[in-house]
C-alpha cells in the first residue's frame, strides 16, 4: 500500500523552508503530492505554472534522494478536496513557531471535521529554516536584497530576473 501525503501551499516562491518540510515528509511517505493553491483575486509573483516548474526543479531531487515519488498539482478549492482527489491519507504542515502552531491547529481541526480520514502531521522547521517566509523573501528580493541564503539557487535566479524586469 502506498502512503500518500498532501503538502498544500502557495509556494510563491518556494523557499529553503519548504524544501526542509519536503525532505522530512519524503522520509515518512511513499508519495508526496505538493498542491499549489490557486485562488482568484490573489496576485502571485509567479504563475501557477512557474511555481510548479520551480517546485519540480528544486523538490524533485530531494524526493528522489529520500526515495519518495513526487507529484505537483494545482487546486482552487478546499485542501481536503485536493487530498481526496490524490488519495492522500496525510496532510503535511510545517511549523516554524508558536504562531504557526496556533493557526495550524485551527486548520487541522477544521480539516479533520471535513475529512476525518485525512490525518494532519506537523513537521518542525529546522533551526536554519525557522525564520524563512515566502513573504519576507519576496520583500527582500523586491528591494534588491540577496535572498540566496533563503531559497534554492534556481529560485534566487528567477527572483533576480523577475525584479530586474520590473526595474
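Note: Cβ is positioned from N, Cα and C throughout, glycine not excepted.
Database features, via Swiss-Prot:
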BINDING   10, 11, 18, 94, 95, 96, 104, 129, 130, 131, 132, 133, 134, 135  ATP binding site
BINDING   10, 42, 79, 93  substrate binding site
SITE      18  site 'Transition state stabilizer'
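Positions of Swiss-Prot features highlighted on the structure.
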residue	record	Cβ within 10 Å
10	ATP binding site	18
18	ATP binding site	26
42	substrate binding site	9
79	substrate binding site	23
93	substrate binding site	24
95	ATP binding site	17
104	ATP binding site	17
130	ATP binding site	16
132	ATP binding site	22
134	ATP binding site	21
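The shortest Cα-Cα distance between residue 132 (ATP binding site) and any of the binding-site residues 42, 79, 93 is the one to 93.
Annotation note: residue 18 (ATP binding site) sits in a helical segment as assigned by DSSP. Closest to residue 130 (ATP binding site) by Cα-Cα distance, out of the binding-site residues 42, 79, 93, is 93. If you measure from the Cα atom of residue 95 (ATP binding site) to that of residue 79 (substrate binding site), you get 18 Å. Here residue 42 (substrate binding site) is positioned 15 angstrom away from residue 134 (ATP binding site), judged by their C-alpha atoms. As a whole number, the greatest separation of Cα atoms within the ATP-binding residue list 10, 11, 18, 94, 95, 96, 104, 129, 130, 131, 132, 133, 134, 135 is 18 Å. Classification of residue 104 (ATP binding site) by DSSP places it within a helix. The DSSP secondary structure for residue 134 (ATP binding site) is helix. The two recorded residues, residue 93 (substrate binding site) and residue 104 (ATP binding site), have Cα atoms 8 Å apart. Between the alpha carbons (Cα) of residue 104 (ATP binding site) and residue 79 (substrate binding site) lies a span of roughly 13 Å. DSSP gives residue 79 (substrate binding site) a helix state. Between the CA atoms of residue 42 (substrate binding site) and residue 18 (ATP binding site) there is a gap of 20 Å, rounded to the nearest whole number. Residue 42 (substrate binding site) falls within neither a helix nor a strand when secondary structure is assigned with DSSP, and so counts as coil.
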